[in-house]
Amino acid sequence: MSVFLRKQCLCLGFLLLHLLNQVSATLRCPSRCPSQCPSISPTCAPGVRSVLDGCSCCPVCARQRGESCSEMRPCDQSSGLYCDRSADPNNETGICMVPEGDNCVFDGVIYRNGEKFEPNCQYHCTCRDGQIGCVPRCQLDVLLPGPDCPAPKKVAVPGECCEKWTCGSEEKGTLGGLALPAYRPEATVGVELSDSSINCIEQTTEWSACSKSCGMGLSTRVTNRNLQCEMVKQTRLCMVRPCEQEPGEATDMKGKKCLRTKKSLKSIHLQFKNCTSLYTYKPRFCGICSDGRCCTPFNTKTIQVEFQCLPGQIIKKPVMVIGTCTCHSNCPQNNEAFLQELELKTSRGEM
């Protein structure tokens, strides 16, 4: 082999090694998230959700069944998928698969694990390992009674699937004046049977944004997860971040434009009104952005916290616990009227 061919083969070998390293780097989480994600959200196929990558850095399109997956390209967990990396010796890439599970029985019909179906025009359901999850196709909004509409109710409209709000034939007011904001339904909602002869499809909305950008606020949702299968409003305490800046917070940025999630430097007692938590906690808070973007909770859960309000009086309240936060440009608009209404109803004992 000539010297020229040897040099050419050597160059091609280095180029191939470089490309392999580049591809491998895109599969694993970087040591530090990029300072700014693409300004345009990823364009996903119809029915495919946009989710944070496995590194909680930037939004990506969730990978579907049979597609390749990695840390940077997570599978659609809302569809019950997981990334099977058993075929990769480096445990970096895999294929989105559905775990083997039990069949489901709904209204006398047997559905296979992973099978999707529509029991009626109002719900889109999926069988997942013996459990049925359904997503409402109709809007799950709630219209509260008010001066313009003291007795709102939903009625069926001929020729349409979804019911609509009405105040009755004698009402003159307009609809929607005191309606809660349109809630996004949870990715999956379960089906619980309160009676062997009645199918109750559970409907639960996502928690609303916290009523305060700093300090203790309130968050609400609507659910029918009860024995009566009736829609009721639930409220929890929430704190996105403390109003006072902790020492060292300004220096934690280290040149970055956004600090997504930060943990309290010391154990603190949670407080609301004249009540103080019995135990101390080290909660996570959402950080701040220096480029005008907003930083809000992305993944949360709810825990029961014991508070002491008066000597000898102990009560339990649901409290939001932040898992991760995300920075974005879709900042909440000014909705002071709704927040004041929420605070007023809570002070009346509706919490």
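Cβ atoms are placed via backbone N, Cα and C, with glycine included.
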Of the candidates Cys33, Cys37, Cys83, the one sharing a disulfide with Cys58 in Swiss-Prot:
Cys37
Cysteine of Cys243, Cys294, Cys295, Cys309 paired with Cys275 via disulfide, per Swiss-Prot:
Cys309
Whichever of Cys55, Cys57, Cys96 is disulfide-bonded to Cys75 when Swiss-Prot is consulted:
Cys96
Decide whether the stretches the domain 'CTCK' (258-332) and the domain 'VWFC' (102-168) have at least 3 CB pairs under 8 angstroms, with pairs required to be 6 or more apart in sequence.
no
Can you tell me the three-state DSSP label for Asn274 (N-linked glycosylation site)?
coil
Could you give me the DSSP helix, strand and coil counts for the domain 'TSP type-1' (199-244)?
0 helix, 19 strand, 27 coil
Quick one: of Cys55, Cys58, Cys69, Cys238, which recorded positions lie within 10 angstroms of Cys33 (disulfide bond), measuring between C-alpha atoms? Sequence order, please.
Cys55, Cys58
Which chain-mates of Cys295 (disulfide bond) that are at least 6 residues away have a CB under 8 A from its CB, listed by sequence?
Cys258, Leu259, Arg260, Cys286, Gly287, Ile288, Cys289, Cys325, Thr326, Cys327
Segment-level pLDDT (mean, integer) for the domain 'CTCK' (258-332):
85
Cα-Cα, whole number of Å: Cys58 (disulfide bond) versus Cys69 (disulfide bond)?
16
